[in-house]
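Notes follow the structure.
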Amino acid sequence: MPIATPYEDLLRLVLDTGTTKSDRTGTGTRSLFGHQMRYDLNAGFPLITTKKVHTKSIVYELLWFLRGDSNVRWLQEHGVTIWDEWASPTGDLGPVYGVQWRSWPTPSGAHIDQISAALDLLRRDPDSRRNIVSAWNVGEIPQMALPPCHAFFQFYVSGGRLSCQLYQRSADLFLGVPFNIASYALLTHMMAAQAGLGVGEFIWTGGDCHIYDNHVEQVTEQLSREPRPYPELVLAQRDSLFDYIYEDVVIKNYDPHPAIKAPVAV
């Protein structure tokens, strides 16, 4: 059976048809607006194989989000530096993803734990069309070190299986998107386990899908490689979504091509 390669197909599409655009960082991009990728989570864990992806950073970042944290110190303590470029001297990033997920402020001064609410809704009313988590808090964006790129996501249950669709307003295809695909696929597995559901699909929807000009050479190298079978995720059982630790996430049979380095546009 041929290996599905929606990510590599998107890279190819942007290289071939993307529009030349300027951007906030001054780097320049090839860009395409609006695209969707679908991954069957029963056909393997969608971790890109055409280059090695740093799985430790993916897992710790998701656990950091679920902690409701917005300071990089906890990440640094675990050897993860992917947020360092945007942090203040004290490590603070402002009210970014984790804060919005776990502690969205209301006008009355209360806070909403969107993740707990989403899990509760999956258990009580799996057919709800309102099961959405948003990191795009317009009133707090000026205080954020970086406005959310992966802005909001929705859960959907059919036939006892949980699917998740993410909307990503800004998609750095070479460096960022492989992380985002794996991170939300992992979150879907965790939420499904806690809700007593199987897994369905992870659906990624992108807005501005771009390849930075200084990543074109790396993307070309990546696309010259033959995709390999996706690995398998083994997730330990936990009583609570918020009890997971790094060692609970095991990715088996991950056999990627070597990593390809590229500069981050800040």
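Cβ atoms are placed via backbone N, Cα and C, with glycine included.
Going by Swiss-Prot, these are the annotated features:
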BINDING   R24, R129, R130, R169, S170, A171, D172, N180, H210, I211, Y212  dUMP binding site
BINDING   H54, D172, A265  (6R)-5,10-methylene-5,6,7,8-tetrahydrofolate binding site
ACT_SITE  C149  active site, nucleophile
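When the recorded positions C149, Y212, A265 are scored by other C-beta atoms within 10 Å, Y212 scores highest.
Proximity note: of the listed recorded positions (H54, C149, A265), C149 have a CA within 10 Å of the CA of S170 (dUMP binding site), given in sequence order. Across the residues annotated as binding dUMP (R24, R129, R130, R169, S170, A171, D172, N180, H210, I211, Y212), the widest Cα-Cα separation comes to 36 Å.
Burial estimate for the binding-site residues (H54, H210): highest at H210, by number of other CB atoms within 10 Å.
Taking CA atoms as the reference points, Y212 (dUMP binding site) and the residue listed as 'active site, nucleophile' are 15 Å apart. Separating the Cα atoms of H210 (dUMP binding site) and A265 ((6R)-5,10-methylene-5,6,7,8-tetrahydrofolate binding site) is a whole-number distance of 12 Å. For R24 (dUMP binding site), the nearest neighbour among the recorded positions H54, C149, A265, judged by Cα separation, is A265. It is 9 Å from the Cα atom of D172 (dUMP binding site) to that of C149 (active site, nucleophile). Long-range Cβ contacts of R130 (dUMP binding site) within its own chain (separation 6+, distance under 8 Å): L121.
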